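Peer 1: One structure coming up, written as structure tokens, with questions to follow.
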Amino acid sequence: MFNLPPNQNRRPNPGVPPRPSLPSFGVSPSTRRMLITAAFFVVLFVVVFATAAFWVNWWWFGSVGYRSVLVTRYVSQVTLFALFGVLAGGFFLANLVFALRRTRRARPVGGAAPLGERLLVWLLLAATALVALSAGSSGAARWEQWLLFRNGGSFGIDDPIFGRDVGFYMFTLPVLQAVRGGLTALLIATAIGVALIYALRLGMRPANWRSVPDQMRIHVFALLGGVLLTFAAGYVLANYELLFSTRGFVFGAGYTDVNAQRWANYALAAVTTVAAVLLVVNAYVRRLRLLAGALIAWAAFGVLLGVIYPAAVQRTVVDPSELRRERPFIEDNIAFTRQAYGLDAVTVRDLSGQGEPAPGSIQAQPTTVDNIRLWDYRVIGPTYQQLQAFAPYYAFRDVDIDRYDLGGELTQVLLSARELNLAGLPENAKNWNNRHLAYTHGYGLVVSPVSQVDNRGLPPFLLADIPPTRTGPPVENDPLVVTRPEIYFGESAEDWVIVDTEQEEFTGLANEPARYEGAGRGAIELSNFGTKLVAAVFLRDRNVLLSGALTDDSKLLLRREIGERVRAIAPFLDYDPDPYLVIADGRLVWVIDAYTTSSRYPDATPTRGINYVRNSVKVTIDAYDGTTTFYRTNVADPIADAYADIYPDLFRPVAEVSPTIAAHFRYPELLFDVQTEVFAAYHVTDAQAFYNSDDRWAIARERQGEETLRMEPYYVSLTLPGEQKSEFALILPFTPGGQQERQNMTAWMAARTAPDGSHGLVVYGFPRQVTVFGPEQIAARISQEPEISSQITLWDQAGSEVIRGNMLVIPIGDGLLYVQPLYLRATASGAGLPELRRVIAATSERVVMRPTLEEALQAIASGSADAAGPLEAAPDPGAIDPATQPQDAPPTGADADLAQQALAAFTRGQAALESGDWTAYGREQDAIEAILVRLAEATPGAGTPTPTP
């Protein structure tokens, strides 16, 4: 017997057509290896693309020493994703599986065809995956909220309504709200899923809903009852949110919130709970009217108790006697707002309001006088750029103010970093090698004193040039010596670079070879093909992989812009937009003030989207190697304490900061700006006075060109009234607020900082019945002074422009000194340097203008009646100041200039006369008279005319 092939052993079925045979493909071993290799590289390519960001972040956080921060972030996100995904998905799946099993033996109750179980199982699994992913993603997105909930502590302050600690509102309540919202969504999704399972398995139609078996109805109604219970919990939690109400006279809980809305919410919670119970009971008793009545009653109570009743109480009880009803809540708002912004410890001191500095007081404060800032940052920035950039690829982005001890004298200075400016490169030089390998860093900085000017009207330098060169007399232990001037990390370092390559880095002005020696702090080592491949994918730049200039020692510097750098490490902090540069032991170090902020402080009025702020962290970044250190200051702050518990390796005690750097800590301008904005209203602690708003303050305003703008806080080295030691303080004046048009000064605030980062605020107030001139009033007096206004008009002609600097209000004992510099800039060429030509000094009694600050202060002290000093024609910007030269004869062309000025004043006077503006006409006539007097004095042989009465 012989064997046949298997197909031949079977007899063909005459009723069935023969099955077509499938073609077979033979794959050779070499082809198989090629396919496997290709598949491997495809998978590798996909994996590299998918994980490049993870690996680069992993390497980068390790290089800066904060990998534990990244690990905490990743672990918390993964844990929360898994926890909420499993819990929500498990609950959803369990309910749907239960419903599926209950319908296996149930008979169809409708005319529709039941859906097959296999298809339903696949739909069930897909829906479960969707719910799990949604819940997991929602939980992971709140990782920071959950970590604060676990680690947040007590503030030691209880709210006045419920007696809960502020920490409950900061850390716990947001999590409870999130859980309640997530549970509501899960129950609704589960109820819909279960109802669909029953409907599809039983072939139900809408008309057959009464035929659903009791157990199935109970299942759906129980889930819907759970939804109503979460609504009831929402009403209870809503009571705590009343401390963030905007209904009353002030932010936070008001009379209506506490005495009407609170009890309405409790009642609604009870009604909703009853409705939930009736919903479940109805599944057993099948009383549709009972269910409908419960739901209608719930909705009606929601409108009646939740909307109508509180509105009625507000209109009939509160509005007719608002102050009497709201007084305790206004007091709570004042107290909690002051606490939230750190204003509860402000020291208030009263001044006499005499305005005029006491005789000899100006000379008695040499540190204050010697450090009066004459150089406006808006003016000196372009001056630095033109005098010290030296090359188009360098730029001075920002000007900072600081103080240094030079030979035992505290000297206030302006300084600015010479950073890289790739936009300044010629277009043909903006190639890949130059942008990422050659032009990698800025170089050095410039330093100039705030109160000095050379004979050209320009700032003299204490530190300048390339390489940084110290000028001036030698100083023992000179703090301005710079030994490491390279700036790889700064405010303008927005692009990544690769260092330690075969391409020489460009440093300074000469093409000197530079070698980065940053010890790997913040640098990713590109030591092999794998790291280069991942970096190339992350940067979307194939040249990282293909460039022949890279070696095994090359390093990638990422996140070189210091703001981006600190936000990548600690995104939960807010950062001051104005970092400042410090020279510390020969190195350049950036200092950034970091804040913890929140909008969850109860009963505290919000400002700029927050109602709590603390400057609890100081960050330092080495400009050369990128070493970034977060220092926890001694400012009391439970939020910062919570972050310190979450990230035990992130913060270092402020006591560990270098004393050289700590000596330059200062009060942050942004924090002070927010605090003064709030304090303008909340300096009032009496509820009735606050309600009447009759003592509200406003930030003083000053004229800048044709605009009147709010004054910016400014740093001053001074001896505060009542103190013995000079210090570096931030000050800002206040004027009356509200609808008042008076611009007299009501108070001024000073902020100071200790080396440990702790702060202090002092407010010096003037009596309300005494008028102390504010900055706008002094500016008006300057404009109304004929001699000064005529001199400014003379200079501000075609070809030149007068720039008025910031007006500084300098406290001198109980009095005030007002100082404003005047700059002259040539406008014909479009590249003129602003030159300091005059200094205006004023007190409550007199206004003077002189070529130098010293002369102006001498004129103030001597009581000189000569406002402008010798009248001069417009000096040639860029030439030697005529005030520094012998004045035996008037400058050439002075007579013609004075005549032109007189003619201009006459023309303006005639125009004012025609328009009926007698005040302006009289002012111009006075100006003409003053000019003629000066002209007569400057004419040889001419007598001095006697002014007509």
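Every residue, even glycine, has its Cβ placed from backbone N, Cα and C.
Okay, these came from TrEMBL:
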COMPBIAS  1-13  compositional bias 'Low complexity'
REGION    1-22  region 'Disordered'
REGION    867-894  region 'Disordered'
TRANSMEM  34-58  transmembrane segment
TRANSMEM  78-98  transmembrane segment
TRANSMEM  119-141  transmembrane segment
TRANSMEM  178-200  transmembrane segment
TRANSMEM  220-243  transmembrane segment
TRANSMEM  263-285  transmembrane segment
TRANSMEM  290-312  transmembrane segment
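Thinking about packing and proximity, how do these listed features fit into the structure?
Peer 2: Residues 84, 88, 91-92, 95-96, 99-100, 103, 114-115, 120, 124, 127, 131, 135, 138-139, 142, 145, 212, 216, 219-220, 223-224, 226-227, 230-231, 233-234, 237 of the same chain, all 6+ positions outside the transmembrane segment (178-200), place their C-beta atoms under 8 angstroms from a C-beta of that stretch.
Same-chain residues lying 6+ beyond the ends of the transmembrane segment (263-285) with a Cβ under 8 Å from its Cβ atoms: 214, 217-218, 220-222, 224-226, 228-229, 231-233, 235-236, 238-239, 291, 294-295, 297-298, 301-302, 305-306, 309-310.
Residues 228, 247, 256-257, 260-261, 264-265, 267-268, 271-272, 274-275, 278-279, 281-282 of the same chain, all 6+ positions outside the transmembrane segment (290-312), place their C-beta atoms under 8 angstroms from a C-beta of that stretch.
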Peer 1: Most CB pairs under 8 Å with the transmembrane segment (78-98): which of 34-58, 119-141, 220-243?
Peer 2: 119-141
Peer 1: Taking residues 6+ outside the transmembrane segment (34-58), which of them lie with a CB under 8 Å of any CB in it?
Peer 2: 27, 67, 70, 524, 533-535, 537-538, 558
